[in-house]
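Asks: First, the structure itself, so that you have it in front of you.
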Amino acid sequence: MDDLINYYSFTKAEWKQFYNDIDLPLTQSELRHIKAFNDQISIQDVSDIFKPLVHMIRLQKDNFDKWQTTKARFLHKKVRTVPFIIGISGSVAVGKSTTARVLEELLTNYFTGENIKLITTDGFLYSNAELKKRGLADRKGFPESYDMAKLIEFLNAVKAGVSIVQSPVYSHQTYDIIPNRFDIIDRPDVLIVEGINTLQLPSNEQIYISDFTDFSIYMDADAQLIEKWYLDRFAKLMDTAFQDPHNYYYQYAIGDRQAAFKMARKVWETIDLPNLKTNILPTRSRADMIMHKTDHHIIDRLYLRKY
Ligand SMILES: Nc1ncnc2c1ncn2[C@@H]1O[C@H](COP(=O)(O)OP(=O)(O)OP(=O)(O)O)[C@@H](O)[C@H]1O
Ligand SMILES: CC(C)(CO)[C@@H](O)C(=O)NCCC(=O)O
């Protein structure tokens with residue numbers, strides 16, 4: 001990693017120095033919200049990593065807004081707010097959605113009066129029926145399992161300032177797209193887009209997802225550690241969400257525990273790990289920032305693109 005010539009590399013101790021002059025306290029309500037969706041998360045990490053990050057994104061967004069205004073005036077176009085889009089990428093189970101929610105929470109609090117929205121690209125997966133038809137039932141998460149054209153159309157509409165844009169919804173409960181259910185995105189100031197494919201290049205498109213993102217983060221960790229997190233999460237879900245008779249994994253939750261874990265390990269080894277190696281990890285060097293995590297999800301190193 002250190003051989004990437006176009007990145008600055010920082011330890012956490014170095015990174016947190018960049019914003020230690022002005023205090024940005026975490027409010028009690030922020031702490032409560034963060035702990036409510038993940039009680040394992042290190043609040044020290046949130047403070048050390050995310051305070052400088054939020055400040056840096058503020059500076060970048062201010063520049064972005066100024067340039068959008070200057071460009072509109074130059075082109076004799078109406079000045080309008082153009083949404084700033086943040087992409088978060090990385091392996092299945094590396095912690096993208098947790099990071100995205102922390103960022104959403106902090107931006108909502110510190111970008112006063114601005115509308116911050118979060119979506120996941122899971123909603124742009126083809127339905128299970130369609131995946132089956134295409135022979136992709138065991139390739140969920142691979143580039144070809146997403147309707148990339150639809151995702152790009154969505155991002156283009158959001159950027160263009162369309163007032164009501166629909167983002168389809170995926171359910172981990174049913175393990176499928178929920179028919180006719182959408183999140184409504186209505187001209188946000190910041191849109192966070194979280195998903196394994198946010199840095200990927202669709203093979204049959206002229207345009208890339210990254211053409212629409214203004215800042216991108218890749219969550220990085222050793223594959224063996226991610227497998228552990230995948231299985232830890234599976235264990236937790238076996239005792240909670242999977243206990244619901246409507247859950248896709250209900251039969252496993254009430255059946256033999258060893259058989260369930262054997263199945264989960266197989267899914268990791270035959271789907272998510274190959275996808276990480278072939279399609280996700282190769283996109284790491286396109287990110288503006290790489291966050292490297294170690295044991296217990298602690299972020300130990302950050303890489304920031306120089307140019
Ligand atoms: N900072 C953190 N501290 C403690 N646990 C974490 C942290 N980040 C993620 N986790 C845990 O790791 C597991 C994976 O995290 P998460 O669900 O956010 O990953 P993801 O990359 O969004 O996964 P997927 O692609 O499957 O949606 C979860 O059990 C989550 O609770
Ligand atoms: C929906 C995705 C692709 C990404 O979040 C992932 O969670 C997934 O379902 N992967 C397929 C294999 C598995 O069940 O882990």
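Cβ atoms are placed via backbone N, Cα and C, with glycine included.
Features from TrEMBL:
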type    : residues                                               : note
BINDING : GLY90, SER91, VAL92, ALA93, VAL94, GLY95, LYS96, SER97 : ATP binding site
DOMAIN  : 85-233                                                 : domain 'Phosphoribulokinase/uridine kinase'
Asks: Highest Cβ count within 10 Å among the binding-site residues GLY90, GLY95: which residue is it?
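Replies: In terms of Cβ crowding, the pick is GLY90.
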Asks: Between SER91, SER97, which of the binding-site residues has its C-beta surrounded by the fewest other C-beta atoms within 10 Å?
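Replies: Looking at the binding-site residues SER91, SER97, the Cβ with the fewest others within 10 Å is that of SER97.
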Asks: Taking only the residues in the domain 'Phosphoribulokinase/uridine kinase' (85-233), give me the average pLDDT of this model.
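Replies: Value for the domain 'Phosphoribulokinase/uridine kinase' (85-233), mean pLDDT as a whole number: 95.
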Asks: Going by DSSP, how much of the domain 'Phosphoribulokinase/uridine kinase' (85-233) is helix, how much is strand and how much is coil, in residues?
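Replies: Reading the DSSP string over the domain 'Phosphoribulokinase/uridine kinase' (85-233) gives 55 helix, 41 strand, 53 coil.
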Asks: Using an 8 Å cut-off from the Cβ centroid of GLY90, SER91, VAL92, ALA93, VAL94, GLY95, LYS96, SER97, can you name the remaining same-chain residues around the ATP site, in sequence order?
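Replies: Surrounding the site, in chain order, are ILE196, MET219, ILE226, TRP229.
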Asks: Cβ under 6 Å from an atom of ligand 2: which of these binding-site residues qualify? The list is GLY90, VAL92, VAL94.
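Replies: Listed by sequence, the hits are VAL92.
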Asks: So for ALA93 (ATP binding site), how many other CB atoms are inside 10 Å of its CB?
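Replies: For ALA93 (ATP binding site), the 10 Å Cβ neighbour count is 21.
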Asks: Since the record lists VAL92, VAL94 as binding-site residues, which of them has the fewest other Cβ atoms within 10 Å of its Cβ?
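Replies: Among the binding-site residues VAL92, VAL94, the sparsest Cβ neighbourhood within 10 Å belongs to VAL92.
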Asks: Relative to the Cβ position of LYS96 (ATP binding site), how many further Cβ atoms are located within 10 Å?
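Replies: If we count other Cβ atoms within 10 Å of LYS96 (ATP binding site), we arrive at 23.
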